[in-house]
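Let me begin by presenting the structure, written as structure tokens, before commenting on it.
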Amino acid sequence: MGVRTASLASRKHQALALFILTIQNTALVLVTKFSYRKSATPYVVSTVIASAELVKLALSYILLVASDGQSAARDALREVPSNATRLAVPSVLYVIQNNLLFEGVRLLSPTAYMVCSQSKILTSTICSVLLLGTRITRKQYVALLVLACGMIMVQNEEGRGRDLPSDRAQVRQTVRGMVVVLTAAFTSGFAGAYLEKMYKEVGAQKRSVWFRNAQLACFSLPVALIGSVWRDGERLRANESVFQGYDGVVLLVIALQAAGGLVVAAVLRYAGNVLKCFAVSISICNCALATTVFANDGHNLSVTASLGIALVIGSTFLYSNVV
């Protein structure tokens with residue numbers, strides 16, 4: 001009876017984690033895209049990212065205390081200075097990645113953005129092979145090829161049939177968006193492989209995911225603040241408030257951005273990578289559906305784009321050894 005109750009509780013945790021990740025993935029892209037609407041006052045992206053890091057830091061330590069106790073939270077803080085050189089690299093890369101992803105969402109349709117963001121599978125594989133010596137199976141090589149084909153199909157469909165000057169400008173914007181998202185995917189892949197290598201070397205794999213997230217957030221916040229001053233310092237000093245353009249939509253973006261890494265950690269803890277793939281796939285479908293139904297911007301799905309999306313989703317499952 002006890003085993004059955006524990007199994008039922010585990011399934012409930014899995015379902016809840018999957019549901020939250022799906023909602024977070026979909027909402028973050030759609031809400032961020034909506035935050036760039038013409039009627040809104042432009043906001044300073046770097047300050048939004050710094051605000052999200054501040055919220056993430058607070059949430060990380062709340063979850064760490066709730067999960068592992070106050071002593072673990074004190075240990076996490078105490079170990080930050082000794083791990084500064086190790087945490088600096090992934091912290092800087094993740095802040096750069098977040099800035100790039102905001103630009104990618106601005107330049108691309110939500111569907112194209114979600115599809116291209118799956119290129120992190122490819123970049124993570126390359127970085128894992130180079131840094132960790134990971135071996136790739138034939139099935140995974142096939143999955144990477146299918147992923148590339150799907151992304152090319154979606155990209156071609158984004159710029160198809162545009163010959164007017166304004167259309168050509170849109171094509172250039174799409175290409176720029178693709179490059180931005182691919183660059184973000186590389187920073188994500190390298191940072192992930194670097195962290196995994198670091199944790200294996202220092203024996204930190206015994207620490208909980210909340211402990212790791214708390215330490216990383218503690219270092220990412222000052223990096224984000226420095227990045228904001230370096231990138232937009234003159235703009236902010238000239239005539240703009242740090243919180244210019246902050247409305248309910250931007251505050252929701254901050255909350256969703258801050259929750260992202262924590263939700264993924266919860267999914268990997270309670271559900272595993274397979275269900276994470278389901279969540280990502282459902283999010284892609286949700287973005288495609290929402291863009292087609294609600295957006296009147298010429299991004300209706302064609303047969304080719306739909307097939308490209310299907311290939312990307314299929315490659316995700318194939319790479320994760322689900323099929």
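Note that Cβ sites are derived from N, Cα and C of the backbone, with glycine treated the same way.
So that you can see what the record holds, here are the features copied from TrEMBL:
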type: TRANSMEM; residues: 15-36; note: transmembrane segment
type: TRANSMEM; residues: 43-64; note: transmembrane segment
type: TRANSMEM; residues: 112-133; note: transmembrane segment
type: TRANSMEM; residues: 140-156; note: transmembrane segment
type: TRANSMEM; residues: 176-197; note: transmembrane segment
type: TRANSMEM; residues: 209-230; note: transmembrane segment
type: TRANSMEM; residues: 250-270; note: transmembrane segment
type: TRANSMEM; residues: 277-295; note: transmembrane segment
type: TRANSMEM; residues: 301-319; note: transmembrane segment
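Contact between the transmembrane segment (301-319) and the transmembrane segment (140-156) holds: at least three of their C-beta pairs are under 8 Å, each pair 6 or more apart in sequence. Of the ranges 15-36, 140-156, 176-197, 250-270, the one with the most Cβ pairs under 8 Å to the transmembrane segment (209-230) is 250-270. Counted over residue pairs 6 or more apart, the CB atoms of the transmembrane segment (176-197) and the transmembrane segment (15-36) come under 8 Å in fewer than three pairs, which marks the two as apart. In this chain, the transmembrane segment (250-270) lies apart from the transmembrane segment (112-133): fewer than three C-beta pairs between them fall below 8 angstroms, excluding pairs fewer than 6 positions apart.
Beyond its flanks by at least six residues, the transmembrane segment (112-133) meets 25, 29, 33, 101, 104-105, 140, 143-144, 147-148, 150-151, 154-155, 158, 174, 177-178, 181-182, 184-186, 188-190, 192-194, 196-197, 280, 283-284, 287-288, 299, 308-309, 312, 315-316, 319 of its own chain at Cβ-Cβ distances under 8 Å.
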